[in-house]
């Protein structure tokens, strides 16, 4: 498996072309699986379920059609984007399990920083409860999204992946309704008061990956 960390900001079109080529190579047995960690310049992406009404400021940043699952999301500096190109044909062919493992990977990574990430029924991604914010009118803790997940499969090879908010400009999310959810906000590790660097997150991601996914099964 190739584990790649790109410096600088990678244009979205370049990343998409690289993913497309790598997915084809993996499916044809010409290349190993790949995990690609990068940052994008500020942009919005629209998944296959995106509602145009959720793009509330269409002129703010470039908007790209992503052809992944999900709705609108934001990518930009300070956010760790992780493109996950795994051969699910050799890992069980279970899409639901794959998405659950993506969530579990993020949750384990956050736990390295003593942050409790949680799943929520009907809301893909990873959420944190905000003890530091006023409770809702119903007396419940507010919840903010810290990581988004959106994937696609081609010939049982995954691509696209996840993003974790490390230290992005959270105001940049205001041009969309993130993931179509209006009643919850977004947060980041730094917003939660943690002096975490991108390099710290990268180390935690790699440590937790094999614990969550395991190595590629060896064919007999």
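Our numbering is plain: 1 for the first residue shown, then up by one each step along the chain.
Quick reminder: no glycine exception, Cβ is built from N, Cα and C everywhere.
Note that the structure is predicted; figures quoted are calculated from it, not measured.
Noted in Swiss-Prot for the protein shown:
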type	residues	note
ACT_SITE	179	active site, acyl-thioester intermediate
BINDING	68, 69, 70, 71, 72, 73, 74, 75, 148, 149, 150, 161, 162, 163	substrate binding site
DOMAIN	29-217	domain 'BPL/LPL catalytic'
SITE	145	site 'Lowers pKa of active site Cys'
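Structure coloured by features recorded in Swiss-Prot.
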residue: 68; record: substrate binding site; Cβ neighbours (10 Å): 19
residue: 70; record: substrate binding site; Cβ neighbours (10 Å): 23
residue: 72; record: substrate binding site; Cβ neighbours (10 Å): 25
residue: 74; record: substrate binding site; Cβ neighbours (10 Å): 25
residue: 145; record: site 'Lowers pKa of active site Cys'; Cβ neighbours (10 Å): 23
residue: 148; record: substrate binding site; Cβ neighbours (10 Å): 27
residue: 150; record: substrate binding site; Cβ neighbours (10 Å): 24
residue: 162; record: substrate binding site; Cβ neighbours (10 Å): 23
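Note on the domain 'BPL/LPL catalytic' (29-217): mean pLDDT across this stretch is 93. In this structure, residue 68 (substrate binding site) belongs to neither helix nor strand by DSSP; it is coil. Cα spacing between residue 145 (site 'Lowers pKa of active site Cys') and residue 74 (substrate binding site): 12 Å, rounded to the nearest whole number.
In this record, substrate is bound by 68, 69, 70, 71, 72, 73, 74, 75, 148, 149, 150, 161, 162, 163; the longest C-alpha to C-alpha distance in that set is 16 Å.
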